[in-house]
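So that you can see what the record holds, here are the features copied from Swiss-Prot:
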ACT_SITE  703  active site, proton donor
BINDING   16, 17, 18, 19, 121, 524, 525, 570, 614  5-methyltetrahydropteroyltri-L-glutamate binding site
BINDING   440, 441, 442, 493, 608  L-methionine binding site
BINDING   440, 441, 442, 493, 608  L-homocysteine binding site
BINDING   650, 652, 674, 735  Zn(2+) binding site
């Protein structure tokens, strides 16, 4: 009999209950006990949703991040919070998001509070984790309370639970040494704590533990491979059964290593690594379980169940009880329940599967394998009809768009003149001071903005009333910026709910969900649009709003657009054509908007590519192909403008050392990047690579409520000036200010502008 299980379930709740609960707690509107009760209720509900599984995950729920949870389980707290006492949950949030100075005790780090932990992308997804911090003298100590509490809850609910933990080698690999020490040197101190954790779970009657080691799908050198052998040899003596889980890619040169590790089962992502299944069957010891991730855990399209059974049935005959079935990865990356989508186009809806529907698909596959296809004939027939409907739909294919793609040539992405010539023309037109100040685009999405949008979408506010409300918010943003004496202004994006969804709503080839939320980090959720067909732009999308904002000020007003690569990487993308083709389609559509903004007199146009790095394949050998079409797509979008129009781009959560040449090849006049959490470490790339254009290193962390001091910002910019000529530096926050409050934004920007004025006097 095939065993079904799941690697992880979305933790935010079908209606984002966790998000709202966290925000109430952070604002002091609810108690710690109320937040903990909400977590328990969500876990209870999610285990109920997974009741048909043979094994349900435990420990996949986190109040902020599963990697941060593992750091606390291992007793690895950053030194700056180790002296704080009180409830562990407050320390947890100190690490996750920082804390504004509320007492003399907390006035400890930069910005008048506790510096938040560094945050970066979880592999090639749009989820973010808090980076573990290591020092040569780091020690570990077990705190199993979180897992034991959840295990008690699961037992009380009658759940056959499988605890999920991050493996020791991946944990070290994901972290960062805060000194010159080697992370792997900590492995001997870390392994006994893992062993103690497994012993603790064994004593509680746990049979299986899922231990995630996703770095096995990346390129590992000999030292890291040996770390796997060392780690699992040390854990082999435990009486508990280990399911080693890999996902997000192929094992390739790590396949033999993974198959040889002394564990009881191995999970493989059969969406990305289906071709490796046969090799694993040959290499795995005869008694070992092979868990096959046959349902895509990262996209929302229905699985072709009949096609899946065609290759799973021979495998089931060969492996028998050793075959387990699961999604390819945790379902954290997809929305919770398609049944909530009452307004989604019925035809498109029939092509989709969210987390609960993916578990239904898993059940159909297992039933067919265990009892025969006849037992689920109706479900298989309905699935086949949906797959065929999508394949044949004329809504998916647009001959006009395909013809435009065929006409793309090498000249389409080139500016008329090189940067040095453009810069002099832009300087004459814009007349900016040294260290010009700007923001990244968005200002706080206030309760009034959200209420107006909600009433407009519900039909309680007509279009004229909505436009009046948004214009008032834009005017407020402009007046605040002028009062702050910023140099290049933005309109604040009051009319935009999300930087990708806003554009997707206005492009043909996109569809939108009501409740298709996924977690990005902490309480931050995104609702990716659904790219189901060929992309085109029926009409201008932003010109009216930007032109209105420009009419309110003599200062330059940035046109704000999301770039094609980011729109692609932050969407649920069709899987019936190469991603590069969809990206080129987006590039042509956004290019039309860029040219319309220029015609409207907009002098500065920002094209955000926040997610450029996120699309990089996990293996470097595949980077060049991705970067070629990603950079070309940006250039097609941006480079049709005149020399005196200044093109900005923004990137966040990015490390630049290894892709700096490609970023330079984008040829944006100004690039703004996130650097504050890494204390300008990202600028190390510029020690050896002479970046030719202008750059704005982010000077304060917008993900934290902490207010940066003027001196702190001056210090960061002086570090930047050691690498980048001062005449090519801009001063700006790390990212957009959408998630902050005006009460935080005003003092932070006041200090930022004051710092820029100080720099103009100090740095020649």
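Each residue, glycine too, has its Cβ placed from N, Cα and C.
What Swiss-Prot annotates, mapped onto the structure for a quick look.
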residue: 16; record: 5-methyltetrahydropteroyltri-L-glutamate binding site; Cβ contacts under 8 Å, 6 or more apart: 517, 525
residue: 18; record: 5-methyltetrahydropteroyltri-L-glutamate binding site; Cβ contacts under 8 Å, 6 or more apart: 11, 12, 38, 39, 42, 63, 523
residue: 440; record: L-methionine binding site; Cβ contacts under 8 Å, 6 or more apart: 490, 606, 608, 650, 672, 698, 732, 733, 734, 735, 736, 737
residue: 442; record: L-methionine binding site; Cβ contacts under 8 Å, 6 or more apart: 490, 492, 493, 496, 499, 736, 737, 738
Quick one, of the recorded positions 121, 650, 703, which Cβ has the fewest other Cβ within 10 Å? 121
Integer Cα-Cα distance in angstrom, residue 652 (Zn(2+) binding site) to residue 121 (5-methyltetrahydropteroyltri-L-glutamate binding site): 10
Fewest other C-beta atoms within 10 angstroms, as judged across 525, 652, 735, which are the binding-site residues: 525
Looking only at 440, 441, 442, 493, 608, the residues listed as binding L-methionine, what is the longest Cα to Cα distance in Å? 13
Note down the number of other Cβ atoms within 10 Å of the Cβ of residue 674 (Zn(2+) binding site), including every protein chain shown. 24
Translate the DSSP assignment of residue 525 (5-methyltetrahydropteroyltri-L-glutamate binding site) into the three-state scheme. strand
Cβ-Cβ distance under 8 Å to residue 441 (L-methionine binding site), same chain, at least six residues away: 490, 493, 499, 558, 560, 606, 608, 650, 736
Winner by Cβ contact number (other Cβ atoms within 10 Å) across the binding-site residues 493, 614: 493
Same-chain, non-site residues whose Cβ lies within 8 A of the 440, 441, 442, 493, 608 Cβ center for L-methionine are 439, 490, 499, 560, 606, 650, 735, 736, 738
Going by C-alpha distance, which of the binding-site residues 121, 614, 674 is nearest to residue 703 (active site, proton donor)? 674
